[in-house]
Amino acid sequence: MKERILQPIGNPLHGEIEVPGDKSISHRSIMFGSLAHGTTIVEHFLNSEDCLRTVNIFRSMGVSIEQKESTLTIYGEGPQSFTEPVEPLYLGNSGTTARLILGILAGLPLFTTFYGDRSLTKRPMNRVVEPLRLMGASITGRSQGNYLPLSVEGKTLQAIHYHLPVKSAQVKSAVLLAGLFANGTTTVTEISPTRNHTESMLQAFGVELLNNGLDISVRGQQTLTATDIYVPGDISSAAFFLVAAAIVPGSQLKLLHVGLNETRTGIIDVLQAMGADITIEREETKGGERIGDIHIRYKELTATIIEGDMIPRLIDEIPIIALLATQAEGTTVIKDAAELRVKETDRIQAVTETLTNLGAKVEEKEDGLLIHGRSKLHGNRIQSYHDHRMVMMASIASLITTSEVVINDISPIATSYPTFYADLKSVSE
Ligand code: S3P
């Protein structure tokens, strides 16, 4: 436990931040680099706890991975080279590692056991275990395999056509990765488009994949060929500073080299819908992903409605968007977001409690939130909920509270953004 006392800021934020690499893309680069044949160099890799769990897991299966700060060199020799780990593998807090690794290992001839921290141990795994079992996977664990610890005994898999019952890139990815090692062609059909990093990165590794609207198909028994990866800045990390600049009067910030994949840019659309002064500069495509600098200047905002297909495009940003909404004129409605209840914590409940404790007017709904702006926020003692995004949201809130905010434990930020406070300091002085 690492308590932190945060004082309100007396001046506007200004300057530039190069946010760390994207978490989703970093995880996939390790996994696909390990599955590939040849040497993959990953630049601007996210050097955070979650991503290091993924590195350790592949090292435990015999893959040689070198790390120099944010550059990884992965010496891939294909999945046949993986060796069976003798000890259970620790996933920490990482839902992405858990779900995607189950897909990868379901069809490989190894016996593996996984466990996680107390947050991950409460998160549902049947969303991936069910489709994988339909393909022939052998997975056992608590509650018929719904909760970690889980064991996987690799089997020969058969392709399926799976209609995703939830809007989840992790489930989509797990089924497609299992499909890579299955007999036949596996298809997933989505309800709404979710982040597509698995599809685009698999293609970069030479996998043939058919993307037909909401249907994505992959032929089994394909080989991955090593390729170099540049990881864009994580828009989910940039989001904290976009909102900081939008709520601290007089602020002006530039976030550099941020990933702008349109399955992830819902936060920009929401800021624009609320009337924010935001521009994208120096846009380019690098390593198959759109990147650019985001320039934001403080401006008074009005409420908006966030629902439907927009939700997967900003699912991880909802805690910080809720804070933003407390400073916008009118009532912001967030609905169709029940998935938030199964994140690192129940984020609908955690956001309601945290913002209410800081003086905001928030109503909790089964699948979302109603936030009545504007509210003057005051200091208080805040819980971490063992959730990195809740800690960072409360830290940004403290910039505009009338007195200090005390967070009981800031250690969860190491999950996705270890340099968060250093970056915040660099634009606060
Ligand atoms: C992720 C997908 C999302 C997101 C998570 C990362 C990924 O989860 O919340 O932080 O890398 O595929 P779901 O697929 O469960 O929505």
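From the backbone N, Cα and C atoms, a Cβ is placed for every residue, glycine too.
Automatic, uncurated: that is what TrEMBL annotation is.
Small disclaimer: the values here were computed from a predicted structure and weren't measured.
Annotated domain 'Enolpyruvate transferase' per TrEMBL: 10-423, in sequence order. Look at TrEMBL and you will find Lys23, Gly95, Arg123, Gln170, Arg347, Arg389 tagged as phosphoenolpyruvate binding site. As annotated by TrEMBL, 3-phosphoshikimate binding site applies to Lys23, Ser24, Arg28, Ser168, Gln170, Asp316, Lys343. Among the features that TrEMBL reports, active site, proton acceptor is placed at Asp316.
The structure, with features from TrEMBL marked on it.
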residue	record	DSSP (3 states)
Lys23	phosphoenolpyruvate binding site	helix
Arg28	3-phosphoshikimate binding site	helix
Gly95	phosphoenolpyruvate binding site	helix
Arg123	phosphoenolpyruvate binding site	coil
Ser168	3-phosphoshikimate binding site	coil
Asp316	3-phosphoshikimate binding site	helix
Lys343	3-phosphoshikimate binding site	coil
Arg389	phosphoenolpyruvate binding site	helix
Completion exercise
Between the C-alpha atoms of Asp316 (3-phosphoshikimate binding site) and Arg347 (phosphoenolpyruvate binding site), the distance in angstrom, to the nearest integer, is 10
Exercise for the section: Check each residue in the chain of Gly95 (phosphoenolpyruvate binding site) that is at least six apart in sequence and keep those whose C-beta is under 8 Å from its C-beta; list them in sequence order. Expected result: Leu120, Arg123, Gln170, Lys343, Glu344
Practice task
Tell me which binding-site residues (Ser24, Arg28, Arg123, Ser168, Asp316, Arg389) have a Cβ under 6 A from ligand 1; sequence order is fine.
Solution key: Ser24, Ser168, Asp316
Completion exercise
A correct count of other C-beta atoms within 10 Å of the C-beta of Arg123 (phosphoenolpyruvate binding site) gives 19
Fill in the blank from the handout: Looking only at the domain 'Enolpyruvate transferase' (10-423), mean pLDDT returns 98
Exercise for the section: Out of Ser24, Arg28, Ser168, point to the one nearest Arg347 (phosphoenolpyruvate binding site) in space (Cα versus Cα); all of them are binding-site residues in the record. Expected result: Ser168
Practice task
Note down the number of other Cβ atoms within 10 Å of the Cβ of Ser24 (3-phosphoshikimate binding site), including every protein chain shown.
Solution key: 27
Handout entry: Distance, Ser168 (3-phosphoshikimate binding site) to Lys23 (phosphoenolpyruvate binding site) (CA atoms, angstrom)
Key = 16
Completion exercise
CB neighbours within 10 A of Arg389 (phosphoenolpyruvate binding site), counting all protein chains shown, number 28
Problem - binding-site residues compared (Arg28, Lys343, Arg347) - the one with the fewest other Cβ atoms within 10 Å - result: Lys343
Problem - Chain-internal residues near Ser168 (3-phosphoshikimate binding site), provided their CB is under 8 angstroms and they sit 6+ positions away - result: Arg127, Thr194, Glu339
